[in-house]
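What Swiss-Prot annotates here:
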MOD_RES   K86  N6-acetyllysine
MOD_RES   K123  N6-acetyllysine
BINDING   162-165, 188-191, 221-222, 241-242, 264-266, 344-348, 395-397  NAD(+) binding site
SITE      N165  site 'Transition state stabilizer'
MOD_RES   K247  N6-acetyllysine
ACT_SITE  E264  active site, proton acceptor
ACT_SITE  C298  active site, nucleophile
REGION    331-496  region 'Mediates interaction with PRMT3'
MOD_RES   K348  N6-acetyllysine
MOD_RES   K362  N6-acetyllysine
MOD_RES   K405  N6-acetyllysine
MOD_RES   S408  phosphoserine
MOD_RES   K414  N6-acetyllysine
MOD_RES   K430  N6-acetyllysine
MOD_RES   K490  N6-acetyllysine
Amino acid sequence: MADLPTPLTNLKIQYTKIFINNEWHDSVSGKKFPVLNPATEEQICLIEEGDKADVDKAVKAARQAFQIGSPWRTMDASERGRLLYKLADLIERDRLLLATMESLNAGKLFPNAYLMDLGGCIKTLRYCAGWADKIQGRTMPMDGDFFCYTRHEPVGVCGQIIPWNFPLVMLIWKIGPALSCGNTVIVKPAEQTPLTALHVASLIKEAGFPPGVVNIVPGYGPTAGAAISSHMDIDKVAFTGSTEVGKLIKEAAGKSNLKRVTLELGGKSPCIVFADADLDNAVEFAHQGVFYHQGQCCIAASRLFVEESIYDEFVRRSVERAKKYVLGNPLAPEVNQGPQIDKEQYNKILDLIESGKKEGAKLECGGGPWGNKGYFIQPTVFSNVTDEMRIAKEEIFGPVQQIMKFKSLDDVIKRANNTTYGLSAGIFTKDLDKAVTVSSALQAGTVWVNCYSVVSAQVPFGGFKMSGNGRELGEYGLQQYTEVKTVTVKISQKNS
């Protein structure tokens, strides 16, 4: 933490308009919407509210930028990579400003925003930049006198809908691979957290991306988001958010032009701690797995299964750890838990906490709101949780840990998989055979062994079942932004 700077004070929000064709636009409707600080419930600024008419403008710009012969389509792939490297450099230059803005707007702890979010964004962009001139097809020795090869071509115009829990990280996860592969994009940031995306829009222009390649339309899901999902001239939509909204997006994509869809959705991830695990390590990773960013993570370790013989000690240590939190302004250095994102999420979490109490779980600590302003909830730990309770089945998205007990390996695998979700899972054991056996059996897109929430640009991320379709990051994530074209050429004579 020695390299951590002090957050900016008196931050001025410079960019509040819609970004289309490298220019700033007022909304067609003339409407604006407020952006709040969740720690104080006070208004930060007003943002231009995009809707269908603004999405139409953005799609027109993106389609024009994607036309055959355009500067973007004729640009060398290595030059696309250079632009992405330049964007990463500019984000690094503005790292302190963006981290302060993310903390103010999204309630993120400033150290996490600066070190983890901004650090991850910069690394991911540079990873994607390096791929730009390495996206290759193949030649195939087909039967007959033919020469056959494949091209991996950009999908086209991509709509990208960003969540509020990791606004800047998810923006980069979306635009990095899409631009590396040569697509153009229309981004809709979450209405709660549009500020960092709009600042990055200014950096897109500064980096030298041609007009129309990146367009950012802030607005609400039922209007701007729905317009993207159902648009007849958008070729692909990528969404990170709730499973409920993901279903609507996939339905709209199917009913419109059958556009390609990538979804990274909800989770109720199991974390299994065997009796032979390093207990200190397991307690800390399981704790961070559910309390990081106030529990507002799709991969949260929200179903914690602990082997019976170590259960009581694990609960004791987990409660002791949760009680160490200092709540308050996420920009303050002594604070290590900030607010939930908004009133709706705050009320939902408190309702689920009350359901845990009513259904018979043992409240070990926390269990209610904190403070007299802002959307703060006490770090909460439940023990004696059973599988049929709401807190064991529903995605809470808050600082609530529920600890369940198990007796056998077969039993815990069955219980861990007994969910509609399949985003991630964790296993803690010193037994390699057990780790391999259980990781193979769990229905999850990512399984961590003796760690949790370890995510990197090089590694694919995505879910099984109702946690989504497709993958982000890594080479697998790049594949989601290309179409494979087969080209077969008749030749006079084939030679091997």
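From the backbone N, Cα and C atoms, a Cβ is placed for every residue, glycine too.
Overlay of Swiss-Prot feature records on the structure.
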residue: K86; record: N6-acetyllysine; Cβ contacts under 8 Å, 6 or more apart: A207, G208
residue: K123; record: N6-acetyllysine; Cβ contacts under 8 Å, 6 or more apart: S456, A457
residue: N165; record: NAD(+) binding site; Cβ contacts under 8 Å, 6 or more apart: A106, H293, Q296, C297, C298, I341, F397
residue: A190; record: NAD(+) binding site; Cβ contacts under 8 Å, 6 or more apart: I162, P163, W164, P167
residue: E264; record: NAD(+) binding site; Cβ contacts under 8 Å, 6 or more apart: F239, T240, C298, L423, F461, G462, G463, S467, G468, G470, E472
residue: E344; record: NAD(+) binding site; Cβ contacts under 8 Å, 6 or more apart: none
residue: N347; record: NAD(+) binding site; Cβ contacts under 8 Å, 6 or more apart: none
residue: I396; record: NAD(+) binding site; Cβ contacts under 8 Å, 6 or more apart: G295, A300, S302, K348, I349, L352
residue: K405; record: N6-acetyllysine; Cβ contacts under 8 Å, 6 or more apart: F305, V306, E307, E308, Y311, N384
residue: K414; record: N6-acetyllysine; Cβ contacts under 8 Å, 6 or more apart: none
Out of P222, K430, K490, which of these recorded positions is nearest K362 (N6-acetyllysine) by C-alpha distance?
K430
Among P222, K247, S408, K430, which are recorded as recorded positions, the nearest neighbour of K490 (N6-acetyllysine) by Cα:
K247
Out of K348, K362, which of these modified residues shows the lowest number of other CB atoms within 10 Å of its CB?
K362
Anything within 10 Å of S408 (phosphoserine)? Look among the recorded positions P222, K247, K430, comparing CA atoms, and list what you find.
none
Including all protein chains shown, what's the count of other C-beta atoms within 10 A of the C-beta of P222 (NAD(+) binding site)?
11
Identify, among the recorded positions I162, C298, the residue whose Cβ has the fewest other Cβ atoms within 10 Å in this structure.
C298
Counting other CB atoms within 10 A of each CB, which of the modified residues K247, K430, K490 comes out lowest?
K490
Where K348 (N6-acetyllysine) falls in three-state DSSP terms:
helix
Measure the Cβ-based neighbour count of S408 (phosphoserine), defined as the other Cβ atoms within 10 Å of its Cβ.
10
Please report the Cα separation of K430 (N6-acetyllysine) and K247 (N6-acetyllysine) in Å, rounded to an integer.
39
